[in-house]
Amino acid sequence: MAEYGAHITTASVADDQPSIFEVVAQDSLMTAVRPALQHVVKVLAESNPAHYGFLWRWFDEIFTLLDFLLQQHYLSRTSASFSEHFYGLKRIVAGSSPHLQRPASAGLPKEHLWKSAMFLVLLPYLKVKLEKLASSLREEDEYSIHPPSSRWKRFYRAFLAAYPFVNMAWEGWFLTQQLRYILGKAEHHSPLLKLAGVRLARLTAQDMQAIKQRLVEASAMQEPVRSVGEKIKSALKKAVGGVALSLSTGLSVGVFFLQFLDWWYSSENQEAIKSLTALPTPPPPVHLDYNSDSPLLPKMKTVCPLCRKTRVNDTVLATSGYVFCYRCVFNYVRSHQACPITGYPTEVQHLIKLYSPEN
């Protein structure tokens with residue numbers, strides 16, 4: 001087995017095909033960036049809901065737009081996505097002979113560029129939305145938010161039953177392709193690369209030199225602009241390029257920070273972290289009647305602040321500590337993504353059901 005593994009490693013190194021470690025590392029790069037940015041946006045939204053709340057509500061769409069600008073910038077200038085270029089890889093058209101391959105600095109052909117952009121940006125966006133839909137429907141089904149006569153009841157229950165198997169088949173498809181790639185039976189580690197009609201290869205020294213040369217020429221060259229339309233087009237092109245370059249620089253710095261955080265919070269370092277960051281337990285608050293004079297709060301503590309009736313299925317918001325009826329606060333949070341009393345950004349997962357001794 002060791003000899004066969006060494007043979008595979010030697011063959012992959014001799015060829016321009018990257019190793020499984022390189023392709024898996026570049027795949028995990030953007031996967032780590034998304035939750036990191038999401039956490040930053042969440043902190044901003046909680047600190048100032050009026051100014052940054054929209055970033056949290058529309059995070060998926062904003063991230064997808066910025067991701068598209070970033071990936072399109074790299075695909076058209078380096079023939080690679082951001083993470084692939086970061087690890088010194090490029091995309092080449094599958095099945096093309098070596099002497100007919102385009103240089104990496106020329107970018108991908110339009111057909112392969114748009115296919116690559118769709119699988120890099122649009123597909124992850126749809127997958128995230130599908131996961132959120134499944135989570136929301138599962139929550140509604142668990143607490144019977146929909147009335148029994150709802151015509152969508154059969155549909156969403158069938159969706160919830162089928163989704164785990166579809167997701168398992170999807171992940172199994174990718175795992176099978178990676179195993180075939182390790183064994184040298186496939187030239188694509190991901191089925192999406194095959195669907196896009198490209199494969200990954202290592203950047204050569206000539207590719208790196210050509211990419212640097214193109215960047216220098218692009219910054220030094222000033223094209224004469226005649227008509228107003230050309231001026232607008234040139235300005236938009238420069239703006240998009242500037243945004244993509246800023247994102248690229250920021251992500252390149254952030255990647256090292258993310259790797260440090262990953263090391264810091266790894267299981268091997270937990271004992272050392274606990275000894276370094278251990279602090280004494282803070283004293284309890286003097287009282288818990290904060291903002292008790294608010295007109296939104298009822299005088300009786302057993303009354304729901306939303307429906308003004310005796311609470312049913314007591315549920316507390318983890319973001320503010322106020323208690324409501326489950327049905328009332330679920331519908332409010334789902335519509336407004338905020339606490340009804342404080343306005344703090346809130347999601348459905350922040351609802352915590354309470355079970356009193358009387359029940």
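The backbone N, Cα and C atoms fix where each Cβ goes, and this holds for glycine too.
Swiss-Prot assigns Gln17 and Arg311 to topological domains bearing different names, which places them on different sides of the membrane.
Within the set 104-143, 224-263, 304-343, the record from Swiss-Prot flags 304-343 under the feature zinc finger. Cys307 (Zn(2+) binding site) counts 15 other C-beta atoms within 10 Å of its own C-beta, drawing on all protein chains shown. Mapped onto three states, the DSSP output places Cys328 (Zn(2+) binding site) in helix. Nonlocal intrachain contacts for the topological domain 'Peroxisomal matrix' (77-109), taken as residues 6+ away from its ends with a CB within less than 8 angstroms of a stretch CB, comprise 18, 22-23, 25-27, 29-30, 70-71, 116, 120, 187-188, 193-194, 196-203, 206-207, 210-211, 213-214, 248, 251-252, 255. Same-chain residues that are not part of Cys304, Cys307, Cys325, Cys328 yet have a Cβ within 8 Å of the Cβ center of the Zn(2+) site turn out to be Pro305, Leu306, Arg308, Lys309, Arg311, Val312, Phe324, Arg327, Val329.
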